[in-house]
Amino acid sequence: MGAPGRVLLWLQLCALTRAAYKLWVPNTYFDAADNWSQNQTPCAGAAVKFPADKMVSVLVREGHSISDMEELQDRKRENIHSFIHCSFIDRASPPASPFRCPAARTGALLPVQSLQCTCILAHRPLLPLDGEFVLASGAGFSAQNTGSHLDCSAGASALFLDPDRFLWHDPRLWSAGDAGRSLFSVDAERVPCRHDDAVFPSDASFRVGLGPGTVRVRSVRALGQTFTRDEDLAAFLASRAGRLRFHGSGALSVDPEACADPSGCVCGNAEVQPWICAALLQPLGGRCPQAACQDALRPEGQCCDLCGAIVSLTHGPAFDLERYRARLLHAFLALPQYQGLRMAMSKVPRQPHLHEASGAKADTEIQVVLAETGPETGSAGRLARALLADIAEHGEALGVLSATARESGPPVGGSSAAGLNAPGARSDLMGGLVAALLLLLLVLLVAALLLRRAGRLRWSRRHEAASEPAGTPLGFRNPVFYTADSVDPPPAPQPDVRSSSRSYFINPLYGEAEAEAEA
């Protein structure tokens, strides 16, 4: 059975035992274009450079024609016409002593046997500080003069990128076994969790940087070996093969205990989530991109906000996580109206609410994240409400005790018009406009009444003004200041000597009556 078959068998066994696994994706292949500068493999006749202060194992699958191999920090070129030690790694027929390769001539392949072999430089490393070529069957190098190929200019060199750039805590470098079109994992769970199996491709070259702290997983599979005990794993990491593939200040340990709870187990990456988010956001300058919706949500274990909905479930002993996930996939996400959604489901620590006493409820819950991937919004909220209705009807049979839902707001920017096309959005808009108009009319009416009462606002009666004669003067006759030409002013009254007042006036309205009485 070949290496791909063994990996497939291992993954099937993991699935049968309900154990999740994460598969390491990047490699350090010589033939992989993304391991070289300018995203292309060395062309024929090119000079090849490796970082001088790094350790790496490089798998070579094909034949290559190159001119020189150089160290970055040593400008003296090491010509490919050098002696190489080639030690066979096939234990079935190991050689008595390291095989001595003769100097290669121009145009001639370095000796490559039918067995896979690891080539190490005899005196000065062509590779950096400590490294190796792993030559597959039929692979090798041939020497060719610089510039003999049209694609290679004189003095052009191909740079092998830093192999230490691959970090364990980078979620982009792992592939989950249960990943699908409608499924995803929150960022903290994209890295191997406490009860996961970390699987590295067999018979392949790779390089993994262990970050700070201790990484603990259920098992580690590398180079065709499965490590479930710390003693065996520590011996491998201390070996030359282990040092070439694992580096860093962190520690790696295993615990073969599997997750036996049908409702799932907490991932256990909460402590290393800051490093996970730092590695994930490093290409973006350490900042999250702006979400495409208002009131975006950030699920437990996610580094950045997203648009969609979150359904939180509390469960009883009858709840089965895998069975409920399958139910949602087939009964809901398979429907046409939910095709643009992706779902993540896992057990997470439960954050108690402010009005709850500590320890009043379970300390874990099931988090169902419904993420919207398309420009249209609202489908995640509709699915969340459908799940609540389904739980209200079948919750007891499913083992769900209670459920709550949260959903993000409408889109931001130019995409907000899409949300206004929904019937509910249009009715809300019309209701808001009517309420605003009524409020405006009420404010105007109150302002007019206040101004009228204060005397700052008057209006004339046009029908009364029209009925008055043309010659009638406007206003009223003030007897104090008004004097008519045809009426003589009344005589001034004589002051009463008995009065102690020194100044007084007579009211013109009553002055005539008093004068007649005195007469």
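Keep in mind that glycine also has a Cβ here, set from the backbone N, Cα and C atoms.
Per Swiss-Prot, the disulphide partner of Cys277 among Cys259, Cys293, Cys303, Cys304 is Cys303.
Between Cys288 and the candidates Cys304, Cys307, Swiss-Prot records a disulfide bond only with Cys304. Swiss-Prot names the disulfide partner of Cys193 among Cys259, Cys265, Cys267 as Cys267. Checking the candidates Cys265, Cys293 against Swiss-Prot, the cysteine paired with Cys259 through a disulfide bond is Cys265.
All protein chains considered, the CB of Cys304 (disulfide bond) has 16 other CB atoms within 10 Å. Distance between Cα atoms for Cys293 (disulfide bond) and Cys193 (disulfide bond): 30 Å, as a whole number. Ranking the disulfide-bonded residues Cys43, Cys193, Cys288, Cys303 by how many Cβ atoms sit within 10 Å of each one's Cβ puts Cys193 at the top.
In this structure, the glycosylation sites Asn35, Asn39 were compared by how many other Cβ atoms lie within 10 Å of their Cβ, and the smallest count belongs to Asn39. Burial estimate for the disulfide-bonded residues (Cys267, Cys277): highest at Cys267, by number of other CB atoms within 10 Å.
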